[in-house]
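Shown next, in structure tokens, is the structure this report addresses.
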Ligand SMILES: O=P(O)(O)OC[C@H]1O[C@](O)(CO)[C@@H](O)[C@@H]1O
């Protein structure tokens with residue numbers, strides 16, 4: 001596991017965007033695993049800049065997002081489908097039919113999970129971008145005695161709902177469930193880019209990278225993967 005610490009967010013975001021650009025240069029039809037939340041916003045901004053200056057194209061790429069809230073339609077302003085359009089997809093040449101997110105609405109979420117896993121099996125992820133939850137979650141895989149391998153519906157921890165309430169008008173509007181790729185699927189990615197920003201994540205990133213491998217800190221399972229790059233800013237990395 002390689003850890004790189006950056007003095008400022010712009011340098012970190014540029015470095016991460018360049019890794020995606022290099023991947024697409026080597027393999028224009030690469031499959032990219034994408035994340036939501038505040039962490040990747042600056043990276044997507046840099047990727048858009050690179051697209052606009054002609055140094056990156058997504059026209060043959062495929063993307064899979066980690067997760068979606070249960071109960072929010074893709075048009076809902078706080079859905080991750082909407083977030084991805086606003087932050088990235090509307091600004092690049094990725095064909096929208098190649099952009100996949102689990103659907104959080106519909107009568108049969110179980111079959112949605114199965115078909116998402118099927119698509120992932122057909123188009124394995126070349127590079128997976130991950131943020132880190134304050135409780136150590138990756139995707140929406142919350143700490144638990146057992147973790148699921150494949151895509152599944154998860155009950156969100158109260159602390160996760162509280163952390164994400166900043167994007168909603170009030171806490172009650174934050175969904176209680178999400179549909180997420182499992183840790184098994186995440187670990188199948190050929191390479192993984194874990195990005196962690198901010199002083200409030202210094203403790204959990206230390207536990208994830210240097211603590212025991214435990215399902216109670218889902219990100220600690222990344223220690224078992226052969227090709228993980230961790231990008232941290234000074235604040236997040238201060239205990240490493
Ligand atoms: O980047 P944030 O907003 O701190 O969120 C941390 C992680 O939790 C999630 O919101 C849940 O998947 C991710 O999107 C994100 O990577």
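Cβ atoms here come from the backbone N, Cα and C positions, even for glycine.
The average pLDDT computed for the domain 'Glucosamine/galactosamine-6-phosphate isomerase' (14-228) is 97. Residues annotated as domain 'Glucosamine/galactosamine-6-phosphate isomerase' in TrEMBL: 14-228.
Classification of residue 67 (active site, proton acceptor) by DSSP places it within a strand. Here the Cβ of residue 67 (active site, proton acceptor) has 23 other Cβ atoms within 10 Å, regardless of which shown protein chain they belong to. Residues or ranges marked as active site, proton acceptor by TrEMBL: 67 (among others).
Counting Cβ atoms from all protein chains shown, residue 135 (active site, for ring-opening step) has 16 others lying within 10 Å of its own Cβ. Among the features that TrEMBL reports, active site, for ring-opening step is placed at 135 (among others).
Residue 137 (active site, proton acceptor) carries neither a helix nor a strand DSSP state and counts as coil. The Cβ of residue 137 (active site, proton acceptor) has 143, 157, 160, 218, 219 as same-chain neighbours under 8 Å, each 6 or more residues away in sequence. The active site, proton acceptor annotation in TrEMBL covers 137 (among others).
Over all protein chains present, the Cβ of residue 142 (active site, for ring-opening step) has 22 other Cβ atoms lying within 10 Å. What TrEMBL records for 142 (among others) is active site, for ring-opening step.
Checking the active-site residues 67, 135, 142 for a CB within less than 6 Å of any atom of ligand 1 leaves 67, listed in sequence order. In this structure, the CA atom of residue 142 (active site, for ring-opening step) is 12 Å away from the CA atom of residue 67 (active site, proton acceptor).
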